[in-house]
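Presented below is the structure to which this report refers.
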Amino acid sequence: MPPRTCALCNDARAILKRPKTGQQICKECFFYVFETEVHNTITEARLFKPGDRVAIGASGGKDSTVLAHVMKTLNERYKYGLELFLLSIDEGITGYRDDSLETVKRNQQQYDMPLKILSYDELYGWTMDAIVAQIGKKNNCTFCGVFRRQALDRGAAILNVDHIVTGHNADDIAETVLMNIMRGDIARLGRCTSICTQGEDTIKRSKPFKYAYEKEIVMYAYFKKLDYFSTECIYSPDAYRGHARAFLKDLEAARPSAIIDIIHSGEAFEIKEDVKATQKIQQTCRRCGYMSSNELCKACTLLEGLERGMATAAVTDRARKRLDADGPAPENLRTIPMFQLPSAPRQKPTTTAVEGTT
Amino acid sequence: MSAINLKIEFGGGLELLFSNQRSHRIAIPANVPVPTPEGSDVQTKPADLTYLIFWLRDNLLKERAELFVENGTVRPGVLVLVNDTDWELEGEGEYQLKDGDEIVFISTLHGG
């Protein structure tokens, strides 16, 4: 086959077919359009303002490694004026997270960014290894997900940052749309496509790779020779997400625009007012001060279950009642430290959220 | 029979299926049999990428073949590069291999 020239510069040899557009482009144009699209995503959503302190949620995997590289590049190229940090959560999974954290430590050197590692062990008193030893591999992803979300916010508070960016890509978001539809999770369906989430009492969180295809992220890492870690978690993977993922990859093989199309569908769903009304209002966890849709936040509930040896009971609402029926939480129960937002002077007052709850 | 020498690279976690070794040098036949009805003369064709995928599965892969091959090609989510070019620009499975080619397989399916 004759070599094809780049559809953008009409000069260099094409090395990649873009899944989003079908265009055949060369390496330099690929770097340029990939970075520029992320820049456009950032500016159109007005994610940052000069002087913002931004933590990059870094796992050592492909997405967050590419995100750190691109954030550093764009911050310098377009003079965003951001102070960038790497924030890693150590779930305490021997042979998995300990290895990937070594990658993050190398990234810290390569990108010259301060790194904070916060472990489940220091925050909750439990590593994932210890949790799996107690509850088995059945629901461990529930614990890990709930604990990670809160750990990221707490790590961000320790770093005193305004904003957390994560490496979620277009494929991840399309997967989540599909999962929320299949589960009938209307509340999450509405939220999962927003590029930026911010409750009054949470740290701003956003996804600059919302429209970036996984294929392009991996190709970017390959051609830039970025150092990333790729091993499956040693505990049973999230089976439900796995099915959604395999299904999505099959759709993409048949029609590459499927991923972006699903995200657009997710964005276009409108929730009827009377459905919205049944959703729980956000409040503050009475035990740890973190945002919650119940009196106790999910992490505190799960932790109490673990501590009282009724861990599997804490995953559902019905099981929560069983936990309550067993008596009140013991006095000396291990709890998560009180959550406090960063104390630095901020643009918007954040104290109202705390006063607003009972 | 003449052979083609190839450099094979695995990345993104795929190397775990191939003795946890990222880089391999292999030699495969330049011409390979085409499946024909029994009794008719054996015909051959130049080795292509589809042939290579099955050759790798049968000769180099150590575990979980279903994570590499699916429906007669690589599993969706596995990227393939021919001499650092996306195989989608090179005819995918029909690309005819040449001596000295470097073929890279990268899984995109492992954690972010």
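Using the three backbone atoms N, Cα and C, a Cβ is placed for every residue, glycine included.
Since we're looking at a predicted model, the values are computed, not measured.
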Given that TrEMBL annotates A:Gly57, A:Ala58, A:Ser59, A:Asp63, A:Gly167, A:Asp172 as binding ATP, state which candidate in A:Ile42, A:Ile89, A:Ile186, A:Ile195 belongs to that site as well.
A:Ile89
Non-local residues, at least 6 beyond the ends, that sit with Cβ under 8 Å of the domain 'Cytoplasmic tRNA 2-thiolation protein 1 C-terminal' (A:283-312):
124-126, 131, 134-135, 138-139, 142-143, 146-147, 150, 153, 199, 201-202, 319-320, 322-323, 326, 329-330, 333-340, 353-354, 357-358
Per DSSP, to which secondary structure element type does A:Ile89 (ATP binding site) belong, with helix, strand and coil as the options?
strand
Helix-strand-coil residue split for the domain 'Cytoplasmic tRNA 2-thiolation protein 1 C-terminal' (A:283-312), DSSP-based:
12 helix, 4 strand, 14 coil
Rounded to whole angstrom, what's the largest C-alpha distance between any two of A:Gly57, A:Ala58, A:Ser59, A:Asp63, A:Ile89, A:Gly167, A:Asp172, listed as binding ATP?
19
For A:Gly57 (ATP binding site), the three-state class that DSSP assigns:
strand
Report, as a single number, how many Cβ atoms besides its own are within 10 Å of the Cβ of A:Gly57 (ATP binding site).
23
As a test of reading the model: what is the averaged pLDDT for the domain 'Cytoplasmic tRNA 2-thiolation protein 1 C-terminal' (A:283-312)?
85
